[in-house]
Every structure is written in structure tokens, then in C-alpha cells.
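Structure first, then comments.
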Amino acid sequence: MGRWPSPALLAIFVTIALAMNSITPAAAHTGLKVGFYRHSCPQVEAIVYNSMAQSTKADDTVAPGILRMAFHDCFVRGCDASVLLEGPNTERRARTNTGLHGFDAIDAAKRAVENACPGVVSAADVL
């Protein structure tokens, strides 16, 4: 039987999620919302959900890692997935991001989405 996170840990995650929402008001104006890809890639939400479910089932540190990654990405210059870019002088290699975890899960979800809807959904939307 799986263990449940403590209520304090859940409260921290909810607080971080709410804080991220309040510090990135620009995201609210982009029009991205549940159902955004309804016509261009209708199954994207299910694909990402299933991929992340598999990743978190295999490694229970992936979910908090993804949350932390999203926070680091959104806090710097908005939610643009720049933390996912690889290279010697990218955010991903910045000292503050060296402990980020979950890149493999994001990559797996993005690959699954690309297989279903090539060139439609951005990595930023997966994150």
C-alpha cells in the first residue's frame, strides 16, 4: 500500500501552486486553459496525464520535482519552459537549478504528445 504525504507537505504544495498562479498573471491572458487543444490535439490532456501517472508511479519523487521545476521556470521570466532547454549557458545549467528533478518525465510526456500530434503542443504547455 502506498504512503500518503503528510498534510503539511500537501499544504506546502498547494501554497506554492497558488503563489505561482498569483505571480504569473501573464499566463492568464494567453488563453491557455483546460480544453485549449480541444480541436488541434483533443487527447493531449489524457496523454500528458497518463504519461505523468506512469512516471510518478515509477518514482514518487517525480511529482514534487515537476512542481519545483515549474516554480523555477515560472519565477524567472514567466512560464516559458526555458528551464527545459539544454546547453552550456541555459537556465537548466544555472546553479540554482542544479537540483531540479523530473526532466525525464517531461521528456517522456512530450514524446508521447509528439507521437499523437506532431508539432502542435509546446513543451511549455506540457510542463
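If you go along the chain as it appears here, the first residue is 1 and each next one adds 1.
Backbone N, Cα and C define each Cβ position, glycine as well.
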Going by the disulfide annotation in TrEMBL, which one of C74, C117 is bonded to C79?
C74
Cα-Cα, C74 (disulfide bond) versus E91 (Ca(2+) binding site), nearest Å, comes out at 12
Provide, as an integer number of angstrom, the distance between the C-alpha atoms of C41 (disulfide bond) and D80 (Ca(2+) binding site).
20
10 Å Cβ neighbour count around C41 (disulfide bond)?
18
Give me the CA-CA distance between G78 (Ca(2+) binding site) and H72 (active site, proton acceptor), in Å, as a whole number.
9
